[in-house]
Amino acid sequence: MQPVIALVGRPNVGKSTLFNRLTRTRDALVADLPGLTRDRQYGTGKLGGRSYLVVDTGGFEPEQKNGIVAEMARQTRQAIDEADAVIFVLDARGGLQIEDEEVASYLRRSGRPVFLAVNKAEGLGEQFPASDFHALGLGEPIPISAAHGQGMDELMEVVLGALPPEDAEPLPGEEEGPRIAVLGRPNVGKSTLVNRMLGEERVIVFDMPGTTRDSIYIPFERQGKRYVMIDTAGVRRRARVQGGIEKLSVIKTIKAIEDATVAILVLDARTEISEQDAHLAGMALQAGRALIIAVNKWDNLEQHQRDWIKTQLERRLPFLTYAPVHFISALHGTGVGDLYKSIDKLAAGSSRHFSTAQLNKILADALAAHQPPLVGGRRIKLRYVHQGGHNPITLVVHGTRMDELPEAYRRYLEATFRKALKLEGVTVRMVFKQGENPFVTPAPTRIMKPRTERSRAASRPKPPRKP
Ligand SMILES: Nc1nc2c(ncn2[C@@H]2O[C@H](COP(=O)(O)OP(=O)(O)OP(=O)(O)O)[C@@H](O)[C@H]2O)c(=O)[nH]1
Ligand SMILES: Nc1nc2c(ncn2[C@@H]2O[C@H](COP(=O)(O)OP(=O)(O)OP(=O)(O)O)[C@@H](O)[C@H]2O)c(=O)[nH]1
């Protein structure tokens with residue numbers, strides 16, 4: 001499970017800059033989807049082979065009257081509570097401020113592991129005021145420069161090194177079936193749907209061996225097939241924990257998405273599709289999860305209401321062109337069985353492996369049908385494609401001047417691959433890499449001018465060799 005790291009500190013110390021640094025590794029892979037706001041508060045990153053989730057708590061607002069801690073936003077406190085570690089960001093140039101000490105005293109009481117990142121330390125050398133920050137009693141201050149990318153590895157080595165090893169809480173394995181996460185904003189009917197899906201006839205729910213701190217995995221079997229429900233809403237726990245209704249937690253949602261094979265986004269047919277809905281969809285897509293839209297509360301709707309929500313879908317979630325949409329009533333169970341058909345299809349799709357030869361044939365055909373555009377009078381060349389991973393299916397295309405490849409052409413390729421590989425509904429992540437085919441040396445494979453099937457076969461690249 002990914003550790004959660006919260007960035008805390010007073011305004012202007014450089015939290016956002018640090019956040020961008022720490023999440024940059026992952027951002028490079030994320031496609032920019034129009035109509036989709038990128039979340040600046042939560043991001044995933046990877047350093048030293050380990051991935052993590054970073055939460056930017058966005059500065060405490062100092063308030064003279066009540067003191068800084070009193071004004072600490074509820075969300076900030078929640079982020080600290082849910083974090084596995086806190087990076088307390090300080091400013092080497094501004095020195096230690098009274099607000100820093102207030103934040104420090106809150107953090108000391110939080111019981112979370114705290115690490116001091118003293119930012120803007122570039123070029124300070126001997127003048128780095130280590131002892132000032134040491135006096136906070138929160139351990140060794142680590143000098144960094146977020147703006148210049150200095151000290152990042154050192155910082156994260158200390159932070160990640162202090163956390164329990166990654167495999168401490170293993171996820172249910174693939175043999176236990178696709179993992180399903182049910183997402184949605186409050187009151188759309190998530191709990192009703194989860195209960196309905198688990199409570200259906202012919203569903204056998206097993207005991208839960210994998211109970212973790214954050215989510216509960218509920219393995220079950222339906223018509224001889226195994227699945228795992230990720231119960232973020234605490235649906236099953238609710239009955240047990242007296243009065244313990246849990247709030248929608250963004251961190252839990254993100255973790256559930258990361259753990260899931262397939263995410264079901266539940267929408268309420270009786271309310272407008274909101275920014276928050278789009279946001280949740282975006283989080284699932286950015287994580288590359290297969291996504292199903294379940295428009296709930298479809299029972300007893302007038303025709304005009306049904307038309308209205310369909311228009312809303314097109315308008316508010318235009319980037320979801322390939323996700324299957326189901327109109328359901330979780331309350332009455334209508335359409336719930338059909339959800340499983342989509343789950344099976346998407347789960348199978350997102351775990352498929354494709355041969356390099358098959359992928360390159362599709363690439364060659366795509367290039368033949370539509371050449372890549374001329375940029376600055378020269379044609380962009382795409383040379384080679386291979387599968388970089390599954391769930392999400394990642395296709396890595398190598399070529400020249402990839403940074404100039406227009407978005408429209410990228411999408412054309414994505415759509416072509418999705419169609420040819422029969423991956424409707426599955427996220428296909430295209431990664432465009434500069435440079436020649438890394439696997440074939442010395443000459444690049446010439447798949448640029450496919451003429452006949454024969455010449456194509458002759459020039460088809462060899463599958464990648466293990467280095
Ligand atoms: N010299 C120097 N300046 C930095 C460094 N990191 C950030 N800054 C500058 O510090 C200012 C504040 O940076 P932000 O990242 O916006 O700070 P923040 O803590 O997120 O601020 P809030 O959003 O107000 O909470 C900006 O002008 C940055 O350019 C650094 O490593 N060195
Ligand atoms: N008419 C109708 N009402 C439904 C349907 N599904 C759920 N509801 C109602 O919607 C309300 C919210 O349902 P919940 O399942 O608690 O929603 P939730 O998304 O889990 O809500 P939170 O716990 O706040 O996140 C309840 O009153 C349900 O009875 C449906 O298919 N049709």
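Along the chain as shown, the residues are counted starting at 1.
Just so you know, glycine gets a Cβ as well, placed from its N, Cα and C.
Going by TrEMBL, these are the annotated features:
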- 3-167: domain 'EngA-type G' (DOMAIN)
- 9-16, 56-60, 119-122: GTP 1 binding site (BINDING)
- 178-351: domain 'EngA-type G' (DOMAIN)
- 184-191, 231-235, 296-299: GTP 2 binding site (BINDING)
- 439-467: region 'Disordered' (REGION)
- 457-467: compositional bias 'Basic residues' (COMPBIAS)
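Checking the binding-site residues K15, A121, N187 for a CB within less than 6 Å of any atom of ligand 2 leaves N187, listed in sequence order. Confidence for the domain 'EngA-type G' (3-167), expressed as mean pLDDT, is 80. Candidate binding-site residues: N12, K15, T57, A121, T232, W298. Those with a Cβ under 6 Å from ligand 1, in sequence order, are N12, K15.
The binding-site residues G9, G184 differ in how many other CB atoms lie within 10 Å of their CB, and the one with the most is G9. Taking the Cα of K190 (GTP 2 binding site) as the reference point, the closest of the binding-site residues G9, N12, K15, T57, A121 is T57.
Between the CA atoms of K15 (GTP 1 binding site) and T232 (GTP 2 binding site) there is a gap of 29 Å. Within 10 Å of the C-beta of K190 (GTP 2 binding site) there are 24 other C-beta atoms, taking all protein chains into account. Nearest by CA distance to G184 (GTP 2 binding site), out of the binding-site residues G9, N12, T57, A121, is T57. Here the candidates are the binding-site residues N187, T232, W298. The one whose C-alpha lies nearest to that of T57 (GTP 1 binding site) is T232. For N187 (GTP 2 binding site), the nearest neighbour among the binding-site residues G9, N12, A121, judged by Cα separation, is G9. In the three-state DSSP reading, G9 (GTP 1 binding site) counts as coil.
In this view, the densest Cβ surroundings among the binding-site residues N12, T57, N187, T232 belong to T232, judged by other Cβ atoms lying within 10 Å. Spatially close to A121 (GTP 1 binding site) yet at least six residues away along the chain are A92, F128, P143, I144, S145, Q150, G151, judged by Cβ distances under 8 angstroms.
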